[in-house]
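Below is one structure; the comments refer to it alone.
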């Protein structure tokens, strides 16, 4: 009995212990739910997961006790009652209070029915249960009162909290990408349209994304960044492998390995590896320099590719327009698009007018244009396509690798492996020199073998050797040694590294430092041959426009009279300025002055109006919000005007506003407003008077813009979408000043000195074109300006072919020209034999940019279409960079000529000396010579004297008469001195053959060191001018001297030389130094203008 009682007590204690644990869990849940109710938001992240899977089962006695049944059997009923807000179930419990007291009574009865030893402990647990139950009863009422989510049944509660941004876009990324790529209208309708999708992406259709840096990072994490995966770049080892593929290098390597093997066999490993090992080292040095040159060029081109891809995009963020990098565009951005822009990502059309894009890059493999109209019915816009007309706003939906353009870009790499005629021609020359070296090596090999087998060869102990009387092993060793010597001779003729690769890499780096990006390497050789530059007017202007004059009718408006302007006229001017524009004005809270975004002309007009220069007192946003745009015609170079058709909110009047070239707008008007706001008829006299006003402004270099207006009553049921072009009312004229860049006059003067003619081709009228040309120096005021120097495009267009060819050289300015006139000018100049460069910044300049030998676009004002069509991009829009391009083009060509002159002198001397010495003594004094100074010559920077020379003729050979004169003189001197040392060196210096050979080798290397200074100037005698500015050249010269000192004095066995004393070193230096005065004297010898070599092939397809 006692055991049974103890067992019952133990069982009761276990049940109460479990009950206590359940109450603790309940209290945790209660506190957690109370936080949820108070905050009415997501759970705290501190308790990310709470799982109460079950409570302990009740014993049989408790199950039969109905007083506590609601705690177990009716708890699901209680949960359902609260979740479903069921008042009938609550009434069955006789209200909330009865329910609470019932629970309490049930708990109390339960406590009395348990057998326990400590009453105090039991009542403490009862108190906890009562408290827990009361909280649970009050909780549903609070939840219902706050309309918060209902709690689940307490039998199982699982809370999984994830850190989530409540404002995050909840859109399927793949579905979004496929929708735009496939142009799926059904999927767009499922999103609820473009504006609904913008809300889903957290974007305000007017003000753009309103978030900080964290929001942009989150969007990039969810939707990806607007960057493309690039194929892996070629490694350095790949360039090494390519260098080893050269046939000459392969043959040399085979012979070196054989020489190394037989040397070790004959003399052992300790002494036998020197001869073959030195050849292997020489080969690897040649390969290493070549690989480093090509690798450096490749890395430089990768930087250029990244620079070219990083275009600026105009987006709307935080209620204002701003320019960002294309790599910073994120999903949800609103992109502003205008003519010539490249679409930076996939997206949807929000709003705009007359928007057309060219999708030929995405849909066809040809260059034919594929213009697609973009509007509400076709809102899908693809990344990589170009805007050809109109303007608009786009909602970005996919970026980077999620776009079709991104996938195309990822499969291609930016490798500048285009064929460069100059590089091909240079490779042909060096290959020819290498082949001559192989021929000489073969002759030397034949001579040495004949001498060996005839018994005319001496060994190291001066004993005669007859190959016919020696053993086979000795013959094999001797033959391999002879072959190795012959092979190493050809190495002297092989240039170390790729001079074109070195000069191009250096050229690209320096050009980028000067804010010039070369997109096509093939133009590097043409830049020095440019004879004519055709530029538009905007390329030479500072693009800092300002309104200088404002005319109402035939009277100029002064600051103090603008207040007296009629109210109706002021409103019309406000409409004309505010509605007929693509600019926006943003007023920052940090600055008092507003910031305007748009073209220079639009910005100048808006700044004039917004800043109340003439007290217009206008608010652009208020005016724009008061009217609805019906139709817009964007500005283009053909019409030279822009127009807008608007209707006032809740109004019936349709307003047409035109703005553009004053002469063209004036021809559309029949009436005008005077300074008092009175509308007057424009008769013939007033037309002539207004025309004179326009002409006078043009002669002062002011760009004249006219505003015109017309209003009609809206016809019932008909929507007018065509702008009126007749019977307009002239509102006023503004004259804008756009000064020339301060450096333009010096640029024109420098180009004229260099033999380069600058022609200005503009769409402006003759007076303003003539005024700008005079200001820049393109026209000389002392010349007869009417003598066919200034013409209009229509006049040039109507010339016959013979007249064009006859007069084209006299033309300096072509006004009122169209894009076709500019293209025609370029074609005629090329047929006349000119090498033409064209500057441009607009879409209308693309045909001329493509047709020209060199197309230069502007990086700031230039459109992306113009940049892609050009060969060179001037990043800072500085016209002075044109001279930089010309100077560097001539410098590159000159550096290649310097390299060739130096290398040919070295090769001719080495091959002649080796051939003669092998025939005479059976030994070769110049086995392998390395002078990196040849590559130092291609890093010379341009000098001013280059712009005092005429352009390089396309028919001029790469090796000119001047170069032949210089290299022949130096080669004759070097060969003479070295032959004297070869035949009489022993008796002159009283030395052995080994020392004599070292003297010949040392003098030859020093000859090349001193001749590098001569090669710095092909014609000029001042060979030391600007020497301290080329630190790389000095460093390589110093390295060459130190290397030669180490080889002669410390690497006796490896290089097969002997140490020289101070006197012998001095003799070598003095003999080499005589090349300086010889070079000075030779440059005094005049040369014939006739060429001694065939012309090089300089881009025949572009110069045709």
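Just so you know, glycine gets a Cβ as well, placed from its N, Cα and C.
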Range annotated as transmembrane segment - as stated in TrEMBL, picked from 411-431, 474-494, 495-515, 516-536: 474-494
Which range of 432-453, 542-563, 564-585 is transmembrane segment, per TrEMBL: 432-453
TrEMBL annotation (transmembrane segment) - matching range among 1063-1082, 1083-1102: 1063-1082
Feature transmembrane segment in TrEMBL, mapped to one of the ranges 230-248, 249-267, 306-324, 325-343: 249-267
1012-1031, 1032-1051 - the one TrEMBL records as transmembrane segment: 1032-1051
Matching range for TrEMBL feature annotation, transmembrane segment, among 147-167, 168-188, 189-209, 273-293: 273-293
Contact set, same chain, for the transmembrane segment (1032-1051): CB under 8 Å, 6 or more residues outside the stretch: 930-933, 935-937, 939-940, 998, 1001-1002, 1005-1006, 1008-1009, 1012, 1016, 1057, 1059-1060
Secondary structure content, the domain 'P-type ATPase A' (309-411) (per DSSP, counts of residues): 18 helix, 49 strand, 36 coil
The domain 'Cation-transporting P-type ATPase N-terminal' (192-259), counted residue by residue under DSSP: helix, strand, coil: 40 helix, 3 strand, 25 coil
Average model confidence [pLDDT] within the domain 'Cation-transporting P-type ATPase N-terminal' (192-259): 83
